[in-house]
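What follows is a single structure, written as structure tokens, with notes after it.
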Amino acid sequence: MPHSIFEDTPLLYSKHEEVYRRFKPAQKRVILAIVSVTGLLPFFVAGSFIPSIPQIAEDLDSSGAIVSLAVSLSILASSIGSLLGASYSTFYGRKPIYLVGTPLLFVGSIGVAASQSIPQLMIWRFIQALGCSPGLAVGAGTIGDIYKLEERGQAMGVFFAAVLLGPALAPLAGGFAVHYFSWRLMQIWLGSTGIVVFFVVLFFFPETYHPGKRGVDKADPSSLPSWRPVILNPLGPVWLLRSPNLLFVTLASFATLQTDFVLLVPLAYTIGVKYNITNAALIGACFLPCGLGNMIGAPLAGRLSDSIVIRYRKKRGGKWYPEDRLRATYFGALFLMPFSVAAIGLLTEYVPGKLGLSLNLICLFLNGLGVDFVLSPSSAYCVDLMHSRSADAMAANM
């Protein structure tokens, strides 16, 4: 199993520790808060759109099926944006990626709000998703930049607690906007958020990449173009999946996150139909237990994974194996997620009335808890394993 050379070499260990003392604890908390917001945005942009589909179809004289293609297009844009953002953050640093992405989010959101036809909607949704998509990968890379091994799991837990609020809160916000105002107002609000985040990053977010380690720092200045960015291969992060460790953790993370989407995306047609909930805002409120589970589960899982790393490292006399952190995933992966998914299916089919609805909401909470008990330690593991390319590893993991 791989382990870091500095674990056994005091001088190298001391230099390694020094890198994480560049920022005071209060500064780290501010940085963590900023990247948590940017990590939340991709899920919020995607999730708040779904309740708007019927109203958008009516406004643009189209069908729900056609408008739903904008969701697929935004997923494609998010994949491209994550890979590009991760690659360029390794070369230029974290801050420039945010300063380029958030204006794109603003422009795309205003374009979506002003759309008068389906082609316009598709184009602006692509730009909107492209702008916010680097938030998750670059945010996780930033956490790896500023938090040392024994603190990284807890910080990653806080990050994912915020990030996974997106799938829970976005439908509520989108449903509220659609029911009481307009889907266009929701898009204007998203664009305004992008501009606010831009200025927060500009004035309060320092470059976190380790000094002298960026690609631009190592490159020969004469080889760099003077009027444009360098051209990087956006598929570079994907090649990291040649590592069996990263590949299997990525597949496990994908399967884990899908349990959230399998339960939440069709909620209006499962729990909504079964229990006669027709108000879009109330349907959105049913997403909240999952979000609450995410909020509670991610920090707990992160703290647990840190304590496991510390305990096993001490047990081995200072040697550390990255896979120790994955022990924290057992409870979520083997019990909480399978139980909650199976229970929701059975309850929705066989238990009517308020009792069935209440038990379903409890199971959604347990699913949110279980998902973060897997995702938080798994993401910290990817950063541990590929620390110099942590954003790339997270982009591949997505």
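Cβ atoms here come from the backbone N, Cα and C positions, even for glycine.
TrEMBL lists 31-398 with the feature domain 'Major facilitator superfamily (MFS) profile'.
Here TrEMBL flags 30-53 (among others) as transmembrane segment.
Residues 42, 45-46, 49-50, 53, 56-57, 97, 101, 118, 121-122, 125-134, 136-138, 232, 234-238, 391, 395, 398 of the same chain, all 6+ positions outside the transmembrane segment (65-85), place their C-beta atoms under 8 angstroms from a C-beta of that stretch. Among the features that TrEMBL reports, transmembrane segment is placed at 65-85 (among others).
The feature transmembrane segment is assigned by TrEMBL to 97-116 (among others).
Residues 31-32, 35-36, 38-42, 45-46, 49, 69-70, 73-82, 84-86, 89-90, 94, 97-98, 101-109, 111-112, 114-115, 152, 155-156, 159, 163, 190, 194, 208, 237, 379, 382-383, 390-392, 394-395, 398 of the same chain, all 6+ positions outside the transmembrane segment (122-143), place their C-beta atoms under 8 angstroms from a C-beta of that stretch. Residues or ranges marked as transmembrane segment by TrEMBL: 122-143 (among others).
Residues or ranges marked as transmembrane segment by TrEMBL: 155-181 (among others). For the transmembrane segment (155-181), the list of distant contacts is 28, 32, 35-37, 39-52, 55, 136, 139-140, 143, 146-147, 189, 260-261, 264, 267, 279-285, 287-292, 294-303, 305, 368, 371-372, 375-377, 379-380, 383: same-chain residues at least six beyond its ends, Cβ to Cβ under 8 Å.
Listed as Cβ neighbours of the transmembrane segment (187-205) (distance under 8 Å, sequence separation of 6 or more from its ends, same chain) are residues 30-31, 34, 37-38, 41, 44-45, 48, 95, 98-99, 102-110, 112-113, 128, 131-132, 177. The transmembrane segment feature in TrEMBL is assigned to 187-205 (among others).
Sequence annotations record features per position, and here TrEMBL assigns transmembrane segment to 246-269 (among others).
Per TrEMBL, the feature transmembrane segment maps to 281-305 (among others).
The transmembrane segment annotation in TrEMBL covers 326-347 (among others).
The annotation transmembrane segment is assigned in TrEMBL to 359-383 (among others).
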When counting Cβ pairs under 8 Å to the transmembrane segment (359-383), the leader among 30-53, 97-116, 281-305, 326-347: 281-305
Per Cβ pairs under 8 Å, the stretch of 30-53, 97-116, 281-305 packing most closely against the transmembrane segment (326-347): 281-305
